[in-house]
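Per Swiss-Prot, [4Fe-4S] cluster binding site is recorded for 5, 8, 17, 23, and the stated evidence type is sequence analysis. Summarising the annotation, Swiss-Prot assigns hybrid [4Fe-2O-2S] cluster binding site to 266, 290, 334, 425, 453, 478, 513, 515. Sequence annotations record features per position, and here Swiss-Prot assigns cysteine persulfide to 425 based on sequence analysis.
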């Protein structure tokens, strides 16, 4: 069976990639990622049991989160690293099984599929005798890449034959991938929440359960949105407690004459470590793409060698990384297949990887040594200037709520007629120019609320302000969509409305990968309706599942700029 992947917006033909991913991943990489997800589901069977028995599941929790994150679009293209992850997962699964048995669980090795223990709860995966039946994901084992390849042929997306069940399982899985990304960043800063891990396990096991109906899976998808809100709140707490609340900031987009390091991705812990280790070395630090919001945090402003932001959204990195001249550190997705001209200047860390690119691992104490990349930078020319000037951001919930009287007054007087939430992702497709044109064409009495790399379609336009309030309010990274929800809920309270949908807020969201999926599910959980997704609806939504979202939540897509503005403003 050839590869099949349809988890991102750029799925070939709007259906799925079957030869090579538009993202650049090969058939082998795609299938290995499928196998990682399968192994993770097997681990979840055991870890959910171990958790209920009060056993330590921290190693499994960490592995599940990292593994889900490693399979997100544009995160890891390193076959060796991914195969190692499969091997590690099988060891963790075996360790969990051993712990359960030691704690009183009895495993019938002769039958090889029956659990019998008063300590173990029923998974919901049963046989005709109403006994526990352990899924193949919990018992399959192998120890070499060739056997991995054979197994991977059988466990991909299309292994679920029913189109609607498949759609719901994948929607849930992609929501979990987005959740894992946010949880990883929170965990890196020392923040965790056991209930989120428990839900992830429960949901992963549910995707193996053939007894669950479409209605039951739909309920789980919506529950995923609840935990999406929780994980974004946790990450917001982690970021703001550690680095302070983002504040209105003018960010330099030009360059200086010193050698520099460009840091891309989302991990603020990596940002902190890099700034500390480069201080006093003569090497400057620039953010790229989704790392731009690091400029808004007070804790990072003390570093005089932190210059500003270089470049635009992730998909332009080929030309921008080439022009930067210095080394690039990818802390998370999005990686585009690197050009030979800069591949030797590229470094990955965390769950990211690309074959032939140097990877920086943490030491036993969790610290990362960036000395190699710093010394590399010293040997490089300073960045080539590709633009100059400033952009403004830092409008997360704390900052906007500080401006609440001004904002509320502007709404009451009619100076602001409507807010447009245009959070989400940017991407390669030319149809995404719609969002630039949309921003330009919006009436002058409207304000854009944004988060994520979607901002690059309009954050350098001169759209002016309304009574001193910029018409583009950038809250930060994609996870800072949480801030936009907090702002909306506060406005609902201020205006004494019963329903969040009564606010003068429209949602025109550009999506690309799985973090956008968890943001969408979180908004649905909060009761937001009539969200428009573009430039296309997800390929993983079957007609029937899409119909559920349309009928129950008013989900729509985009048409033309003029038609959409007319529709939103009425």
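A Cβ is built for glycine as well, from the same backbone N, Cα and C atoms used for every other residue.
The secondary structure of residue 17 ([4Fe-4S] cluster binding site), as reduced to three states from DSSP, is extended strand.
The Cβ of residue 478 (hybrid [4Fe-2O-2S] cluster binding site) lies under 8 Å from the Cβ of 266, 290, 423, 424, 425, 451, 452, 453, 515, 516, 519, each of these being in the same chain and 6 or more residues away along the sequence.
Across the structure, residue 513 (hybrid [4Fe-2O-2S] cluster binding site) and residue 8 ([4Fe-4S] cluster binding site) are spaced 5 Å apart at their Cα atoms. Other residues of the chain with a Cβ within 8 Å of the Cβ centroid of 266, 290, 334, 425, 453, 478, 513, 515, the hybrid [4Fe-2O-2S] cluster site, are 289, 314, 333, 452, 477, 512, 516. Taking the C-alpha positions, the distance from residue 8 ([4Fe-4S] cluster binding site) to residue 334 (hybrid [4Fe-2O-2S] cluster binding site) comes to 12 Å. Using a 10 Å radius centred on the Cβ of residue 513 (hybrid [4Fe-2O-2S] cluster binding site) and all shown protein chains, the other Cβ atoms total 26.
Following the DSSP three-state reduction, the secondary structure of residue 513 (hybrid [4Fe-2O-2S] cluster binding site) is coil. Taking the C-alpha positions, the distance from residue 23 ([4Fe-4S] cluster binding site) to residue 334 (hybrid [4Fe-2O-2S] cluster binding site) comes to 9 Å. Neighbouring residues of the recorded [4Fe-4S] cluster site, listed in sequence order and excluding 5, 8, 17, 23, comprise 6, 7, 10, 11, 12, 16, 21, 22, 25, 30, 73 (Cβ within 8 Å of the Cβ centroid). The most crowded of the binding-site residues listed here (266, 515) is 515, judged by how many other CB atoms sit within 10 Å of its own CB.
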